[in-house]
């Protein structure tokens, strides 16, 4: 097993400097061997050398690898091993400090809102209880007895407060899914309304009951019951504004990824721009295929190859250098335009042929590996119960037989950066545990899946930036366009209002479908 793993690791070494010529390596070694300057200071431009991970990846090169690499880059890659010093530049330090400041500000804003809501909620629930207990404590001997009526009101207040507590917990105290740039307008309005409402009740209670020491205890209890009833109605209003209002679809949004043009359509209700952006991002991670920048390098390398084949000669002297080169390149590009589509056709056909060939090899290798698993299970059933093979051990046993075919296929389809050896072993052991077929195991690798399918560290963007001409707290309307930006790409969202549909009814008389067939007895001879 260890021999197979060592053999596999030779195909999974990687480096930021793969594909360079020997001259570049000699220049890099000479540059590292050069002594430091007299003042002993380092240069501002630093180089970071990454050591291979403790557990090798299946051809896990960076998405920013050399564009001209072939599919067998794993066999010719120079792996930089040993102890190395990880250095960062001043730009990296500035970016890290900015991210820390942003995260601290977002955390403070989040906890401040939760604190204000918790304090206000505690005040709301303690106010009716205080209304009932304060007269008993301050001038209890002077109060009029109300008997059974007050007992019924006490039970009513207790159950209403319990219902209000459960509803408030379900509606407001939920784990936040994201940090939005602005406050949620309707929630802020509800908090202000509740504060003003409770404050007005306390003001009236202090002036009419505490100052005058009202002895009508039944009226005081009914006053507390009216407060609880009003709070329940405010909770109903919160459900309508926060939950029910946005359920009816009113707009259709088109989301386009800027790099490859992949698009999806979604229906949204009455939402603000920032909350619509959250809905778009939630659906993006579920519906869009994972962003693969390696698939975008083909057109760039093809354009670079075409430009590399152009040679420009300056025959008029150095004075006409810029204009002469531009005219010559334009003319050469026009002459080669007719032949470029043939090159593109042959490149795509050759790529499809290689993908089909390596896919067939992968399917055969996986089917043979699963057949071997079935044979091992039949052998293990004859052994003692304590000697049964664990699914993880079974996955490690059959993985080397399919590793090379899987590695080559992932390289050809440029998916190697999304699948580590550990994730493949986990998926293989999961399929073995649940008695899944080879086709079910290969589904993850043959068809690029949604973004959530892959490891969180490989797809999750820590921060998105919302760019909009209108205020992000304003509601959606027809024709609005806003952009969601992350580090590598952006999502362009175009909002269209669902048109008003006028549906009319046309009545059809059931008798109109009836007809009479008359046959003449006399026929012509």
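Each residue, glycine too, has its Cβ placed from N, Cα and C.
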Transmembrane segment range according to TrEMBL, out of 35-55, 56-76, 77-97, 224-244: 224-244
Spatial neighbours of the transmembrane segment (184-204) far in sequence, C-beta under 8 Å, 6+ residues away: 116-117, 120, 123-124, 127, 172, 227, 230-231, 234, 237-238, 241-242, 272, 275, 473
Same-chain residues near the transmembrane segment (224-244), Cβ under 8 Å, at least 6 residues beyond its ends: 124, 127-128, 131-132, 153, 156-157, 160-161, 163-164, 167-168, 171-172, 186-187, 189-190, 193-194, 197-198, 201
